[in-house]
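Straight from TrEMBL, the features:
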ACT_SITE  A:Cys96  active site, acyl-thioester intermediate
ACT_SITE  A:His388  active site, proton acceptor
ACT_SITE  A:Cys419  active site, proton acceptor
DOMAIN    A:13-280  domain 'Thiolase N-terminal'
DOMAIN    A:289-431  domain 'Thiolase C-terminal'
Amino acid sequence: MADTSKPATRKAAIVGGNRIPFARSNSAYAQASNQDMLTATIDGLVARFGLQDKQLGEVVAGAVLKHARDFNLTRESVLGSKLSATTPAYDVQQACGTGLEAAILVANKIALGQIESGIAGGVDTTSDAPLAVSDDLRRVLISLNNAKTVQDRLKALAKIRPGMIAPEIPRNAEPRTGLAMGDHAAITAKEWEIGREEQDELAVRSHHNMAAAYDRGFFDDLVTPFLGLSRDNNLRPDSSLEKLSTLKPVFGKGDPAATMTAGNSTPLTDGASTVLLASDEWAAENGLPVLAHLVDAQTAAVDYVHGGEGLLMAPVYAMPVMLARNGLTLQDFDYYEIHEAFASTVLATMKAWEDPAFCKGKLGLDSPLGPIDRSKLNVNGSSLAAGHPFAATGGRIVAQLAKMLHEKGPGSRGLISICAAGGQGVVAILES
Amino acid sequence: MAVTVLDQAPNLGQLYAKAAVTARGRGGDLPDTRLARHGVQVDPAHLAAYARVCGMPLSDVLPATYPHMLTFPLQMALMSDRSFPLALPGLVHVRNRIEVLRAVRAHEPLDLEVWAENLAAHRSGAVVDLRATVSAGGEEVWRSTSSYLARGATAPDGAPQADVEVSVGGLERVVATWRVPDDAGRRYAKVSGDVNPIHLSGLTAKAFGFKRAIAHGMWVKARVLGALAGRLPDAVTVDVRFTKPLFLPSTVTLATEQHDGGWDVAVRNEKSGTEHVVGTVRPL
């Protein structure tokens, strides 16, 4: 008898993507809000695929650094875009995993037949970042707001002290550990004995790969200029080992053997990205291409607070689960996109997959996942070159990889691995 | 032993003042009295303020350290009374052991009782244990032992040796870094009522021989438990040794290590490594 409990599913197609060039914090996009950037990015996608006034199944996006007023950021962006105003939208947030998680959510609804098309995206600004009043001042202002009489209001106002006025600026630090993400990564780099030179090499390769990809026009149908920028302004085509080797460590300070510099770590960045997903039927009906399909995805989390695991090591745990479910090995892929939060993170991730003791003890595997062919890794550059607007990175990678697989030809496979704050990780498989 | 039942919490500011003017000429044995309060209700607003200051989650269950907020004023009343043999100014909290026998809910009426016992000899003075027990519906739910060192004081002849050490593992893994601001003492004083001048400002601390204001040990202990939120058994023993003063402001680190279904913990200065608090957390 047929199993009727499991609904029939289909694989969601990736039609294409659009992003704006990424900009270093407080540069080209200093005056742009998350909503400005996300709206512009959606409109770029609309223009590219002729979606004007179309009602799509859903738009799913998010931002990591978010103003209180942006509670409905994605829906507001849709309303301001050229899409039909009857396109529903919702926000998600999974730190640096946001963009990829949004794509997984849209793909899953398509897979279940609940929607035929959708946009996944992400946006972040560290320039137009939300400042919060101090907790003390906030409490006084709330009681002021609740006060009914003039006397009560005066009483509330009298509680304000000069020291309360200083705003709280969001920090790229883990709330539970008080450590910057880079300092967490530095601990992992030390544990896995990741050297300075291999990190710098990875960073240089990222810049060179991305510069070459821009030069041959690879990004022409992935990126739309915004506010005078047509390329990521963090990109250094002339980056070299000599230059990077002069930089002083910025994370893991106090350790004479510290290795992580501003050159082999991603800078704070502003930007947005979107991906158009659909059923094969919808794409065909609308005369749109199918670059690849989102085959499967997996998340994992680690106890980086008291459990002794590195903050950014969760993708290492997610990977074997997803590979086993799909009957694949780590070597069965044509391209690997490992998000370069820090060069050391990419290197530690690969080292862990190659380590028999770690794979047995921590991942419960009889044999290690093994090495990755480096010539297939981040071949068109990754976050060290482009920059890393937290929630926008997933969309950049999905669109970029889908295009690479399409160029490679049918049956080619790509793997995505993204680490996120809070000790989380998201991995996914694309196939053309 | 006589039990005196108070109908409200004593005012700690007044007790410090009284203890200061009656500090001289103390000595002899511990008083044979107990102080008690019955049917005490936790003030939800106070619980919220306490949780906020200590970095603990606010819930309907009292944090392990919270009943100390209720029993400490009674212990202060006992220690500031003329019959108490040690002078309160200069007493140093060196160890605190709390046993939570079961989760205590915030709305439960609580019966408190405190007393002093075990006046013991220490190489630099005398140590006394301030005990507290908290009951709900006639069943003991919480108890604590706070050990105070009186430098230069002498324990009576034949007194046992004080035991104030807590042994912990190597604790090499730092799990959190905290910037402790210079008003940390004033903030905790505001919710705890513990207005001991050594915590309030550099100036008042200097008057008692400290180069700067120092953090309340019980605040540090509470913050450690806050960092372990969600990973603590309902019935638990938390035993900590307050080693070196934590001068304000400071940046300190928390190290944890799993042991016997619980934790060993250490709070140290980030730069110098000076140990402020070491302790053990174990299921009861």
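Glycine residues also receive a Cβ, built from the backbone N, Cα and C atoms like all the rest.
All TrEMBL annotations are machine predictions without curation.
Note that the structure is predicted; figures quoted are calculated from it, not measured.
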Taking just the CA atoms, what is the gap between A:Cys419 (active site, proton acceptor) and A:Cys96 (active site, acyl-thioester intermediate) in Å?
-> 7
In sequence order, which residues at least six apart in the same chain have a CB under 8 Å from the CB of A:His388 (active site, proton acceptor)?
-> A:Phe22, A:Cys96, A:Thr266, A:Pro267, A:Thr269, A:His339, A:Glu340, A:Ala341
Please report the DSSP secondary structure of A:Cys419 (active site, proton acceptor), reduced to three states.
-> strand
Do you know the mean pLDDT across the domain 'Thiolase C-terminal' (A:289-431)?
-> 97
The domain 'Thiolase C-terminal' (A:289-431), counted residue by residue under DSSP: helix, strand, coil | 56 helix, 33 strand, 54 coil
Neighbouring C-beta atoms (10 Å sphere around the C-beta of A:Cys96 (active site, acyl-thioester intermediate)) | 31
